[in-house]
């Protein structure tokens, strides 16, 4: 199943009903796998010791009433009706909400924000900033750094709990499905069958992750669809056969009767009831794969009715059967007729695997997004599909999740403790989403603060009640997600804090190219053949590690490119807007600056395509820069149409190199007009592996040919640049392009900093512990920047740099 099918079909216009139906069907296997298997363990977790099922049926009817209204208020009203509308260019999840807030208020802690980023097509605001009044909440957030830090910590807590859910959900789902074997095995054999089979299924599930889900993804939706119909049919049979009057329990009065009779123990049992909405967050987190209307249609018309029928059917059966000696028998399978128990067991196991797969993929995705905010150590991200964007696999995380899942299964060995742990993780993520959505209502939708407060108070109160019931089970399993979150939070805070301090150190110790050039005359600087890509986090100036390199070894490449790979608060950056190119120094120095922008859901491209695109982009920039200089002589005002001058210096201006002529008009500069100074074919330099030179659609323009044997690049100059009026400029461009082609043929070197971090003398014990111990341990034991940036080892050149923070 194509997870990006919705993205490929979606257009600015409203989806057709056929497309919506198809997307709704596909969403079953991705979005609702986790939510649909919750009936396997909700009643079993709820009646685990805290309350007992009695002949009055007040307990079972009260639980059913709680389940019904919980599913109605949280997944149906909160998520489907409100939260799903808080999308970020069609994307959802915790990072989407934080990204929206960062765009509408200056609350991001990453210091590399540029004005040019606001001109991205996906950097859209709900209302133009010039017509919106600053709310008091926005002023407070922007003024107080502690509030911005608290906001980021809240996002981190939500992220950590999602990762914790990635550990707990596969364990409880598969264990609950396999526990149906208890009815076919003797009491002596249960212990030796259920746990080992669960562990084998979990190990098999994680071992298949590196193949990707696209190979078997087409089976996901049919499995979940069959499971939903199976639950509905069994539930409807139990309602008709055992207790047709069970619908009366939907009256909210039964909730008050339940709490009145059970008191403290009934409140504690809410930790099991909240498991009925496990997986609701996936409706918002996976919004980018489908569409709002598709997810809304699938839930309201199929998933929600099926879940209600399943829970009502179990309650109807239990209302006529009171001869249970243990809470373990108050489960899903006890209400399944004996004749179909084995087929239902097999289908339940398959559905639990599908639901587990969805949360595992979501864990990979959110860790990749955490890296984009510099909140997580570098890990290796692998594409599992060439056709489906966004399907990734992280080896280190996968095996850690597998070990933790198996450890949870073997350690807890029952649904009660697993349910307590999973419930706390789920409700914490929902609380974070509620708070962030209330900020979106004020800052992004510009609604009255009273409306946002009402949203926060109503849904936050319901979730706070469930949160308290889960937290009271700390010693009975709820300690696990808290422990996992504490460890992950420590890792994320240490990494984020040190990364920002390193950036500030680089910013303070950067040098100018003029100083470097002046020093070069004294040192006898030598230019060697090839292209040197100097990776830096700085968007201006020469990084200190490069100045350290050339002062100790006075030689660098004839074509020098300072590459800054940065993340912007949008989900995706169009390829036509990914590169910002500018000069560093005079044209004869052959030094450039390239800022490569990625969204938080983008995955970095492989080094071969990046190198090719970079050479194409530099060649296009050289031509356009010459065209701008020519046009500047006749009309200097035209130069500002596609240029950004962050420092006010002409040699530091940056140009967006666009390969498409369908870009939108922006407020500060027009990307279409930037191509008017050259012919249509000259806005893209073609890199061909075989064949003769081609110049676009037959017009005279710029093209490049790469011979597969020699990787030789030949550039052809646009007629406008090489015209008699600009003969000098055309000759200069030709020489610059020839130098670029020769440098590409000589090879490319990737120059990265190898950092050693230490605290200043006199630093606090906490800072020394975080930086000297924590960060350096993570740096030594996690992937290096060369792996994250996909740099080939043969072309890597590392420069040691000591950061004293």
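Using the three backbone atoms N, Cα and C, a Cβ is placed for every residue, glycine included.
Because the structure is a prediction, the values reported are computed rather than measured.
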From 297-317, 318-338, 507-527, which range did TrEMBL mark with transmembrane segment?
297-317
Among ranges 101-124, 125-148, 149-172, whichever one TrEMBL labels transmembrane segment:
149-172
Taking residues 6+ outside the transmembrane segment (149-172), which of them lie with a CB under 8 Å of any CB in it?
34, 41, 94-95, 98, 101, 107, 109, 141, 198, 202, 205, 278-279, 281, 285, 355-356, 359-360, 362-363, 366-367, 370, 375, 401, 404-406, 408-409, 412, 415, 418-419, 421-422, 425-426, 428-429, 432-433, 435-436, 480-481, 484-485, 488-489, 492-493, 496
Quick one: mean pLDDT on the domain 'K+ potassium transporter C-terminal' (529-804)?
68
